[in-house]
Amino acid sequence: MGPPNSTTVHGSELPPKTTEHCQAPRELKGYRKWIDENLMLLVTLSGVTLGVILGFSLRSFHLHEDSIMLISYPGELFMRILKLMILPLVISSLIAGSASLNARMNGKIALRTLVYFASTSLLNAILGIALVTLIHPGDPDLHNSIDRSTDRRAAVNLLDSLLDLGRNVFPDNIFQASFQQAHTVYVPKPAVLHAFNETVNENVDETLLDESIELEQGAEAQRVEITEPALIRVIQYRSGTNTLGIVFFCLVFGTFLGTIGSKGQVVVDFFAAIFEVVMKMVTCVMWLTPVGISSVIAGKILGVTDLHLVMAQLMWFILTVTIGVVLYQFIIMQAIYYVFVRRNPFKFYAGLIQAMLTAFATASTAAALPVTFRCINDKLRVDQRITRFVLPIGCNINMDGTALFISVASIFIAQMSGMTLGFGELVTVLLTSTAASMSSASVPSAALVLLLVVLTAIDAPVQDVTLLFAVDWFVDRIRTTNNMLGDCYAAAVVEALSRKELMALDAAAILYQELPISTPNGHVSLEGQTELDSTCTIPDAVIVDMNAIMNTVQQQQQYQQQQQRNGYVNHKN
């Protein structure tokens, strides 16, 4: 008798059917395969849709503030979890990414990245000025139809913003940079009273007469301060992570870490492991997006008073910004990608929809950074050495949507005030919008503060910024998608421009894999290599001299080309 499950055909016994109980997963096809590949995108899209429907449906019930707070609470926790991952993600990605490249390569990538960021921000500012001049959304009658605050803010100039940018790039305390950032404020110049300079004996008992004298002195000081309008600059620290300073420190730290060879490989492996762990945590957190994103959007919609009235009055302003964002995303950005990368740009755009929806919901490029990493590394397969370098820098200084918004908003306020801007004022708006956007913090509604810089430069009413508070919650989300997509497209363009250097590094890695060398810790300084044979030893100076390796690879390529040409000539002769 044959074994179980065996069959007999014409007296011959066939082997048993071993595939009947096979546990190997079957390959999905058709719509099931598409759903499996885009499940996270569908989850995110469902959260956005549910939040919009829930927010507009509950507005008619006029919920109490406590109820709105409870609806927004899951979204608040979701935002806190995403923000919790920003700092370890930025630190680990920058150090591991810059250490995997040599110093010369880091300098080239940084230069290309900064030139791209500045060019696209300038392009967005030009687009915003053209649209707001053509559409002319600022109606002077609207200036008096909306209640606005009469409080004037202290004048903010471009010099202060640029100096604050330098102070935050070079922090004096790296630990303080984790939770505070420097900024310039204007405070009233205190009057100097001789009575305050007198020293008082601490052992003297306080009496009623002393209290009356102190009250008189306090009243006199208050009168002096009121009559003294002078303001002075003061450098203070405000709450918020100074991501720009941390980015600069990690970039320099990782660059020098890659120059010490095997001695620093354990540190590189440590930060690379942190990056992988954080990305796994992001994957788990993403399953909370239906609840988190829907809660964020619904709470924001419910928290806005007179939504329909404000939307109707500022409809042309919102439409102008939206048209600018759509034109840049679907025409200009795709053209830039095709010119440099020579691939289908809309396929690249489709792979970033999940990150774009997260940026729209959170209104922060930094908060969406973990999801952006996941999309551009796992789906689009952009070189991680580039993404770990470009994305953390981009979420701090690349604000394409912010440049467009500031240029539109500043001219919009000038139009409402009846101001006629000449060519010189438009150029001023162009340059200040670009410079202010690159010094913007990656936090919600940061552009409204930078808008004061441009309004001060063209002498427009600064207090009219409060007109935009009612709609900034929505416009901020639209322009944030521009900021996030600008970072991703920058990574793709920089990768295409740096292809020769990356190929040289890969060739150097192959050369090292072929050499039977060993280092004191059994590892090499190139990413992707692990254990090596111990037949010979090469000094650390040879291991870390990537410039020499790149030159050697280029010489070998030139030599091979010369040999091919010589062989062709000999064959011809």
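Cβ coordinates come from backbone N, Cα and C, glycine included.
Among the features that TrEMBL reports, compositional bias 'Polar residues' is placed at 1-10.
Feature annotation from TrEMBL assigns region 'Disordered' to 1-20.
Remote same-chain residues near the transmembrane segment (39-61) are listed as 71, 286-287, 289-302, 307, 353-354, 357-358, 360-361 (criterion: CB distance under 8 Å, separation of at least six residues from the stretch ends). What TrEMBL lists as transmembrane segment is 39-61 (among others).
Taken from TrEMBL, the feature transmembrane segment covers 81-101 (among others).
Beyond the transmembrane segment (113-135), the same-chain residues lying 6 or more positions past its ends with a Cβ under 8 Å from any Cβ of the stretch are 316, 319-321, 323-324, 327-328, 332, 336, 389-390, 393-394, 397-401, 403-408, 411-412, 415, 426, 429-430, 433-434, 437-438, 482, 486, 490, 493-494. The transmembrane segment annotation in TrEMBL covers 113-135 (among others).
With a threshold of 8 Å between CB atoms, the same-chain residues lying at least 6 positions outside the transmembrane segment (243-260) that come near it are 86-87, 90-91, 94-103, 106, 110, 165, 168-171, 174, 177-178, 181, 267-268, 271, 366, 389, 392-393, 395-397, 442, 525, 540, 544. The transmembrane segment annotation in TrEMBL covers 243-260 (among others).
Taken from TrEMBL, the feature transmembrane segment applies to 281-302 (among others).
Feature annotation from TrEMBL assigns transmembrane segment to 314-341 (among others). Distant neighbours of the transmembrane segment (314-341): 120, 123-124, 127-128, 131-132, 135, 137-139, 142, 348-349, 400-401, 404-405, 408-409, 412, 467-468, 470-471, 474-475, 478-479, 481-482, 485-486, 489, 492-493, 496-497; these residues of the same chain sit at least 6 beyond its ends, with a Cβ under 8 Å from one of its Cβ atoms.
According to TrEMBL, the transmembrane segment annotation covers 348-369 (among others). Residues of the same chain lying 6 or more positions beyond the ends of the transmembrane segment (348-369) and with a Cβ under 8 Å from any Cβ of it are 40-41, 44-45, 47-48, 51, 79, 82-83, 86, 89-90, 243, 289, 292-293, 296-297, 329, 333-334, 337, 341, 375-376, 379-380, 391-392, 394-396, 399, 442-445, 473, 476-478, 480-481, 483-485, 487-489, 492.
Look at TrEMBL and you will find 389-414 (among others) tagged as transmembrane segment.
Taken from TrEMBL, the feature transmembrane segment applies to 447-475 (among others).
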Mark yes when the transmembrane segment (389-414) and the transmembrane segment (281-302) have three or more Cβ pairs under 8 Å (sequence separation 6 or more) and no when they do not.
no
Which bits of the chain, at least 6 residues beyond where the transmembrane segment (81-101) starts or stops, bring a Cβ under 8 A of a Cβ in it?
109, 178, 241, 243, 246-247, 250-251, 253-255, 257-258, 264, 267-268, 271-272, 274-275, 278-279, 281-282, 285, 288, 362, 366-370, 373, 384-389, 391-392, 505, 526-527, 546
Beyond the flanks of the transmembrane segment (389-414) by 6 or more, those residues with Cβ under 8 Å of it:
89-90, 93-94, 97-98, 101, 106, 109-110, 113-114, 117, 120-125, 127-129, 131-133, 137-138, 243-244, 247, 250-251, 317, 320-321, 324-325, 328, 365-366, 369, 372-373, 376, 421, 425-426, 429-430, 433-434, 436-442, 446-447, 450-451, 454-455, 458, 460-461, 464-465, 467-468, 475, 478-488, 490-491, 494
